[in-house]
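Database features (TrEMBL):
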- 67-86: transmembrane segment (TRANSMEM)
- 92-114: transmembrane segment (TRANSMEM)
- 200-218: transmembrane segment (TRANSMEM)
- 238-255: transmembrane segment (TRANSMEM)
- 276-296: transmembrane segment (TRANSMEM)
- 359-380: transmembrane segment (TRANSMEM)
- 404-423: transmembrane segment (TRANSMEM)
Amino acid sequence: MIPSDCKVTNPLTSCSPRFQVITFFSALYLVALAQGGHKPCAQAFGADQFDEKDPEECKAKSSFFNWWYFGMCFGTLVTLWILNYIQDNLSWVLGFGIPCIAMVIALIIFLLGTSTYRFFSIRREDQSPFARIGIVYVAAAKNWNVSASAVTDAEESLGLMSHKISHQFSFLNKALVAKNGSCSIDELEEAKSLLRLAPIWLTCLVYAVVFAQSPTFFTKQGATMERSITPGYKISPATLQSFISLSIVIFLPLYDRVLIPIARSYTHKPGGITMLQRIGTGLFLSFLAMVIAALVEMKRLKTAADYGLVDSPDATVPMSVWWLVPQYVLFGVSDVFTMVGLQEFFYDQVPSELRSVGLALYLSIFGIGSFLSSFMISVIEKATSQSGQVSWFANNLNQAHLDYFYWLLACFSFIGLASYLYFAKAYVSKRLNAL
């Protein structure tokens with residue numbers, strides 16, 4: 001029911017501020033809830049439509065992740081360029097109505113394909129994957145004090161099957177000893193496969209922190225710079241974010257249709273390069289993007305100082321906003337490598353029944369990365385504003401030092417990349433033919 005203080009003709013502007021806030025956060029939570037359930041499950045279900053045992057379908061599955069992300073970014077691009085214009089210049093109702101109609105059409109198309117989908121079936125007698133993995137950790141904990149010779153005897157008793165046991169995380173091999181309950185080799189390797197993901201997950205958190213800067217500080221920088229395209233029109237600083245999606249939309253087809261086939265002819269791998277190599281390439285590009293962002297901000301601050309604008313926060317710095325485009329483009333290209341690579345990696349390297357959980361783990365990198373970014377900014381803000389000093393994030397960007405923050409992130413990115421390369425080199429794949 002619409003409150004009495006709202007007018008039906010213009011609900012967005014005529015309702016009381018309290019009702020607008022409640023409506024906004026209700027919609028926000030609904031979208032977050034829907035995305036949390038939809039993203040990992042829909043993507044895992046889509047990838048499940050490909051038969052990994054068929055060489056051609058295996059190649060197509062690798063392309064699926066590319067084209068999935070292409071669709072997501074193309075939708076973002078349409079939103080930034082078309083729907084934002086409709087909302088600002090025509091009607092907010094129409095701006096929200098078009099996505100609503102699009103979602104209804106998408107749902108109908110999805111339901112029409114129900115009879116053609118492949119469904120991953122689990123036999124009723126099969127044990128839950130969580131239970132199987134839990135048994136390994138419990139058995140290893142119970143057998144913590146068993147001798148190395150007992151573990152060796154347990155491995156040798158398995159005979160020909162012992163060649164499947166990986167040497168990584170060998171402390172879990174104690175779970176093979178039947179003293180306090182034991183597990184099978186397959187269960188042991190499943191438990192190890194999840195544990196191996198932890199270092200990759202942790203080292204990619206820095207990438208997520210860097211990823212969080214483009215819609216915030218980059219936009220704030222753009223607002224201080226010369227944005228005129230024609231004498232009577234200035235580009236919105238938030239519009240520059242579309243260069244990330246645009247670079248993804250342009251580069252992804254090139255990557256999928258040109259670069260992968262060339263790489264595949266040399267490596268004979270379905271994806272051209274391994275998933276770990278793909279992720280590492282993106283991490284390097286994000287490091288490079290932060291270096292460029294720091295250099296551009298140093299130039300912006302020097303320009304403001306040269307023109308005597310340090311104490312004029314509302315003045316336009318005579319430096320073109322197009323200087324920011326390279327860092328946006330590098331962000332987009334790094335996404336093609338790291339973002340899509342992480343999706344395929346976390347889908348592929350978990351037990352078959354936990355693929356949606358694997359994709360949820362991938363998404364959690366960026367959720368926690370955003371929290372870490374906010375935490376870092378709060379700590380740096382407090383540390384740099386003591387004793388009357390100007391904070392790195394002062395409202396007057398001409399007095400602030402975003403360049404210092406970008407250099408700090410570049411250092412963290414380099415450390416994260418080096419750590420990632422160390423763990424990636426030692427990584428033992430769940431499916432050796434996939435990596």
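Using N, Cα and C of the backbone, Cβ positions are placed for all residues, glycine too.
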*With Cβ distances under 8 Å as the criterion, find the stretch in 92-114, 200-218, 238-255, 276-296, 404-423 that has the most pairs with the transmembrane segment (359-380).*
200-218
*Who are the chain neighbours of the transmembrane segment (92-114) in space, where the CB to CB distance is under 8 Å and they lie at least 6 residues beyond its ends?*
12, 79, 83-84, 86
_Check for me, if you would, whether the transmembrane segment (404-423) reaches the transmembrane segment (238-255) - at least 3 Cβ pairs under 8 Å, residues 6 or more apart in sequence._
no
*For the transmembrane segment (276-296), which partner among 67-86, 200-218, 238-255 gives the most CB pairs under 8 Å?*
200-218
*With a Cβ cut-off under 8 Å, give me the same-chain residues at least six positions beyond the ends of the transmembrane segment (238-255) that come close to it.*
66-67, 69-70, 73-74, 76-77, 80-81, 214-215, 218-219, 222, 321, 324-325, 328-329, 331-333, 335-336, 340
